[in-house]
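Per TrEMBL, these features apply:
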| type | residues | note |
| --- | --- | --- |
| ACT_SITE | Ser139 | active site, phosphoserine intermediate |
| BINDING | Asp95, His202, Thr204, Glu356 | Mg(2+) binding site |
| BINDING | Asp95, Asp361, His365, Asp404, His405, His484 | Zn(2+) binding site |
| SIGNAL | 1-15 | signal peptide |
Amino acid sequence: MALICVLLVLSAISALDNTRYGVFGSPLSAVVTVPNVEPTHPMDNPDWVPPTGPTREKDREYWLQTGQARLRRQLEHNAQRNLKVAKNVIIFLGDGLSIPTLAATRVYMSGEEQELSFETFPHTGLAKTYCINYQVSDSSCTAAAILTGVKNNYGTIGVSGHVPLKNCPLSLQESNRLTSILKYAQEDGRSTGVVTNTRITHATPAVAYAVSGARYWEDDTELPAGCVDIAAQLVHGDIGVNLTVALGGGSRHFYPAGTVDRNGEPGRRTDGRNLVDEWITDGAARELRAQFVHDRTGLLTVQSEQVDRLFGLFSANHMSYRLLADHQREPSLEEMTMKALEILRRNDRGFVLLVEGGRIDHAHHDNLARLALDETVELHRAVERAVQQLGANEQETLLLVTADHSHTFTIGGYPVRGNDILSTGDFSRIDRMPFFTLTYANGPSYSDHFYETGGRRNPADMRDRYHDPGFTYPGAVPYEDETHGGDDVAVFAKGPWAHIFSGLYEQHVIGHGLLYAACLGPDAFERSDACHERFRGGTAGPVQPVGHLLLPMLLLVGYLQPLRW
């Protein structure tokens with residue numbers, strides 16, 4: 001009887017150990033079998049069968065054939081470099097479009113092997129994204145690098161590194177003011193445009209047309225005396241007043257407090273000015289066919305050939321995420337881009353267009369991974385349609401797609417091929433729970449996934465919410481707003497001089513490459529032979545050898561010589 005009692009006690013202890021560790025290592029396991037009631041890693045199951053990949057990928061011939069096909073494509077790209085002048089430049093900027101975001105979006109769309117529209121571009125590079133005073137950048141200093149060719153301080157708009165954040169007097173000094181590619185384009189007689197689904201006064205678009213000591217001075221509510229707010233610079237600034245197209249959100253910065261915009265949303269200016277009315281009045285005074293629109297219907301019904309200037313504000317704040325938008329009221333990034341191109345292409349001299357997919361960044365800041373991926377799909381569609389619309393003009397248009405900075409967003413674990421990117425993909429043997437493939441290093445979602453006393457909440461209890469656009473993904477460190485990341489970002493290029501964007505470089509080199517390809521910027525900057533020909537009024541192609549012209553020139557001189565007497 002005593003022996004039976006001892007065996008029962010030992011069995012109970014063994015059961016506790018098995019529950020804790022999920023293994024059957026007790027010496028009594030041969031005598032007493034205790035079922036494991038907790039989840040285990042799939043590979044710990046003796047009946048586990050390794051996952052299998054797509055059937056066609058099991059054959060070595062598939063990889064040999066696709067590898068050779070891609071090699072031939074690369075060789076063809078390198079053999080056919082486009083050395084023409086980039087008459088047109090389109091800069092697609094995915095705000096926060098990190099490399100993990102690209103990879104996750106491919107799976108979100110249809111599979112690991114999927115390619116986004118711009119990932120098929122022939123030339124790819126990497127850009128280093130730090131500001132001159134921060135290891136991890138914000139959107140304003142990175143936009144300065146891309147659009148002006150100069151890196152500067154965190155949070156400042158279009159000014160050099162001599163201007164600290166929120167310093168109004170130094171931002172007014174001409175020696176500290178930077179020049180964006182849009183200004184150079186306007187001086188060259190080209191049309192210019194800005195399209196964004198953020199506030200059009202937000203950091204990235206603001207750098208295209210404004211100069212400010214702080215990205216936060218979008219209207220006059222916090223503006224120091226002597227400086228001009230960003231919204232006012234869009235309407236009256238030397239670049240803003242000449243913008244052909246400006247489309248985005250942020251109407252609250254253009255309407256006075258106590259009034260509402262044309263969508264019924266309140267303004268916040270304290271100076272009593274209605275900048276939309278001022279824009280309309282200015283256009284009429286300059287005898288321009290200027291049109292303001294405030295909703296999708298208004299945008300889509302614009303007759304492009306009958307408009308010289310187009311201004312659209314579709315939301316008081318940022319425009320809505322596409323998964324959550326009222327599609328009858330707000331246009332998509334793709335639709336705004338297409339309308340902008342319709343108008344800009346009418347200028348035979350060419351154009352420069354900035355298109356920002358800005359809400360990728362905002363979704364990441366809130367740990368809303370699904371929305372970030374879906375906004376990346378929106379950028380993919382806008383690029384795809386732009387390429388289609390260019391048609392024959394594609395050979396004289398430089399398209400560049402990049403990000404301003406990354407995020408702390410990661411893809412981790414060992415999920416099997418084809419696993420739902422939004423779900424759990426692996427299992428931790430330490431805490432005996434599955435975990436998400438997509439995670440963040442920090443962010444406001446910490447308490448959604450971790451107990452105050454420590455330890456993770458079980459993702460298995462969240463299965464019914466994975467696909468909810470408002471579902472937050474784990475942030476390992478509690479933080480009020482998930483931060484940007486400091487890693488390099490990808491650069492994709494197609495068109496004239498696209499090959500110069502290959503390699504790894506400082507982000508401001510992008511700005512210099514854009515100016516070089518388009519024959520813009522100061523006379524002291526590098527120029528291609530094609531630029532010299534364009535300046536002489538010739539074609540946009542590279543200069544041809546002049547040897548074949550020598551004999552006719554000599555004959556002409558011989559003919560004219562007697563006429564001098």
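Keep in mind that glycine also has a Cβ here, set from the backbone N, Cα and C atoms.
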Shell list (Mg(2+); ref centroid = CB of Asp95, His202, Thr204, Glu356; cutoff 8 A): Leu93, Ser139, Ala143, Thr196, Thr198, Ala203, Pro205, Gly358, Asp361, Asp404
Neighbour count (Cβ, 10 Å) for the residue listed as 'active site, phosphoserine intermediate': 27
Residue pair Asp95 (Mg(2+) binding site), Asp361 (Zn(2+) binding site) - Cα distance, angstrom, rounded: 5
Those recorded positions of Ser139, His365, Asp404, His405, His484 having Cα within 10 angstroms of Thr204 (Mg(2+) binding site): Ser139, Asp404
Cβ neighbours within the same chain of His484 (Zn(2+) binding site) - under 8 Å, at least six residues apart: Gly96, Val136, Ser137, Asp138, His405, Ser406, His407, Thr408
Alpha-carbon spacing, Asp404 (Zn(2+) binding site) to His202 (Mg(2+) binding site), which is rounded to whole Å: 13
Cβ-based isolation winner (fewest other Cβ atoms within 10 Å) among the binding-site residues His202, His365, His405: His365
Alpha-carbon spacing, Ser139 (active site, phosphoserine intermediate) to His202 (Mg(2+) binding site), which is rounded to whole Å: 9
Residue pair His365 (Zn(2+) binding site), His202 (Mg(2+) binding site) - Cα distance, angstrom, rounded: 15
Pairwise Cα distance for Asp361 (Zn(2+) binding site)/His202 (Mg(2+) binding site) [Å, integer]: 12
Around the Cβ of Asp361 (Zn(2+) binding site), the count of other Cβ atoms that are within 10 Å: 28
Neighbourhood of Glu356 (Mg(2+) binding site), C-beta criterion under 8 angstroms, separation at least six: Phe92, Leu93, Gly94, Asp95, Val194, Val195, Thr196, Asn197, Thr198, Thr204, Pro205
